[in-house]
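Peer 1: Please see the structure below; I have some questions.
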């Protein structure tokens, strides 16, 4: 047994030594970054769940990118806290691309090895690689998607447009170009043209319309998206950022997903560039169906999500035929479908200091109250930070209950897990102020969650500039003044009142102790949440 443990320890030690990810400390960080023309650095915490999930992907990517002279490194922020603060680390993992110490950008790719390799390969290449007949074929296979421009050397306008696109979109695509007319003819295009080569669907798509950057950008986004793709951790954000509605095809087996993709291919072709279609593994990500207001226990199923407004259109039924889904998608495209809205019941009573919102009344109580500044907390019942904020938020609501203020300011909250809300909530709590007469421009709150800071945020960003703290302080001063007046009027009774005052002091002391205990419980909850982080948003 002892021998086995020793061998296991040696194996672990050997594995750690063999890592291609550099472990950086404060005293080695700047030398490492300076000596590598291109490096990717992960700032992490050992307890972070997302960091643990990233670790094997990061290791695999480091091994592959080592051959391309791209270095990957990591920094433990629980040990190198000052270093992490210096580079603006506020959450884990934070991943940044370094081109020396003065050129630092956030990593924008997915956290899977193939996507990390693809992203850093793009960073390593020039914005546009110049190609010849000897290098074209190899270049086509550099990534899943590459773009090649066929432009005459004297066509300065087209060359400039393509170069500008490449500079702006180099994080997303790999760009090549050639002005060899014979090569363009061999590829079946006439200059100027752009061909997007891909390892899926028909293999390539050709652009030959008016040569503008916007038109090229739209072409690249449409042509690089599979006709019927697959939603997963590495593709989800891309679909959400596309700006196009996403049609989900839920199924438990790979075989059925492939069959459904084949069945619905003609529908996807009809709406290509207008609606994205993708299958999704119901076994792994079935809970996401609930976010689309679909049942989570019966498959296959289908729904369309508007990625801009987050409105959901679930299909009623589980027989996904070309005819039925085709008719459903047509009704959606024609604007004949009403979005499905998940909402809690309207509260029987809603006269407390904090107004409780539900989906069906959100517009009425927030947007339609055009003359009121409305502060909304989007919370989750399980969120420890939300629980810690609750007593402070109640006190904040009490500041604006006076008649003069109630007509100008509303403090409200909504359970964003039980209600469809019109905002994209990335974490909990999310707090937004909807100013009076400017409801289209809500202001995000990013300060500390203290009574003073929240009240000052309302004063500084609300249309009415109401200072709830100052009003509360004035009331307190007036009360103290009244108490002083009463005390000066009855000096001869002070001796008689001494025993009662002693009892009152004891009661006040007890209240101070109780308040301290309450504060300690809140701090304990907050610290607990930081020690054991939770996922604060829906993520595949």
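Using N, Cα and C of the backbone, Cβ positions are placed for all residues, glycine too.
Note: TrEMBL annotation is automatic and uncurated.
What TrEMBL lists as signal peptide is 1-18. If you look up TrEMBL, you'll see 7-125, 332-463 marked as domain 'Thioredoxin'.
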Peer 1: Over the span of the domain 'Thioredoxin' (7-125), count residues by DSSP class, listing helix, strand and coil in order.
Peer 2: 57 helix, 23 strand, 39 coil
Peer 1: How do the residues of the domain 'Thioredoxin' (332-463) split into helix, strand and coil according to DSSP?
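Peer 2: In the domain 'Thioredoxin' (332-463), the DSSP-based counts are 42 helix, 25 strand, 65 coil.
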Peer 1: Averaging the per-residue pLDDT over the domain 'Thioredoxin' (7-125), what integer do you get?
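Peer 2: In the predicted model, the domain 'Thioredoxin' (7-125) has a mean pLDDT of 88.
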